[in-house]
Amino acid sequence: MPVVSVPEGKCCLELTCEPKRVCVHKGAEYQPGSPVPAAICQDCICSTQVDPNTKLFKVTCEFKQCQETCDKGYEYMETDPKVCCGKCVQTHCELSLNGTKHLLTPGETWSPPENMCEHHTCIKSGETLLTTSSHIVCPPFQQSNCHPDTIQTAANGCCKICEEKEKACKLVPMKIQILQNDCMSSEMIDMPYCEGSCNTFSKYSEALASLQHSCSCCKETKTSRHTVDLNCLNGDVVRYTYTHVEECGCGHTDCTTPPGKSARRRRSFTLV
């Protein structure tokens, strides 16, 4: 900045220039203590140190220290080249059970060795990984209904199965955790189904001079509409309506399936 003074021993005014007490960066002035724009990963401020060449205050910089330590189930990743530091991205579901933590990869299902009826699955919902839990409810098992030496553990590792002497149509209990889009029930929901054999035969009739068929299937005979609340990731609570099987029985049906039609009945669900 310009300074007008009369030097000692002289009688005339002289104009001199003295540096401002500022920092200059790319033609812009910055006061001491002010942040100065800099490259990615650098923090710069205007200091009070004097540059011996320009006599202006120096701009001092230091590199940012990125926090690269992540919690279990997360990994440090640099996702945006325009941002200095990366972030911790979830890569596993963390399950705490009996004081022990287990990490599950997306799509992995795990059961504790001491209880194979309990299943925990890691699923991906949007950008979030969630752990869903289910418990297998085994149908009533009567050893007396089994043929000798046929008792074994089912493929699920939980229930006992055998070659039964007779397996009638019945209601089988089951509990599931309902998952619809990004919404999930907070507890296990009763979802029983029908299973078993019905009287079906094909025999020759002398009177008709042809084969006589009689077919029946195990299906629902009484149902009701149930509604539960589903909790969503965005905080919403939605009502979810489904068909609940109350009773099962044998019902007569055609022994042949018309082309283009499926004989399988599907449970009805409605999200409201």
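A Cβ is built for glycine as well, from the same backbone N, Cα and C atoms used for every other residue.
The disulfide bond annotation in TrEMBL covers C183-C232 (among others). In this view, C232 (disulfide bond) is surrounded by 14 other Cβ atoms within 10 Å of its Cβ, with every protein chain counted. Under DSSP, C232 (disulfide bond) is assigned to a strand (E or B) in the three-state scheme.
TrEMBL lists C194-C248 (among others) with the feature disulfide bond. Neighbours of C248 (disulfide bond), defined as other CB atoms within 10 A of its CB across all chains, total 21.
Taking Cβ-Cβ distances under 8 Å and a sequence gap of 6 or more within the same chain, the neighbours of C198 (disulfide bond) are C169, S216, C217, C218, C250, G251. Feature annotation from TrEMBL assigns disulfide bond to C198-C250 (among others).
Residues or ranges marked as domain 'VWFC' by TrEMBL: 21-89.
Broken down by DSSP into helix, strand and coil, the domain 'CTCK' (169-256) contains 0 helix, 59 strand, 29 coil. The domain 'CTCK' annotation in TrEMBL covers 169-256.
Here the Cα atom of C194 (disulfide bond) is found 27 Å from that of C183 (disulfide bond). Note on the domain 'CTCK' (169-256): its mean pLDDT in the predicted model is 87.
In the domain 'VWFC' (21-89), the DSSP tally of helix, strand and coil residues is 0 helix, 31 strand, 38 coil.
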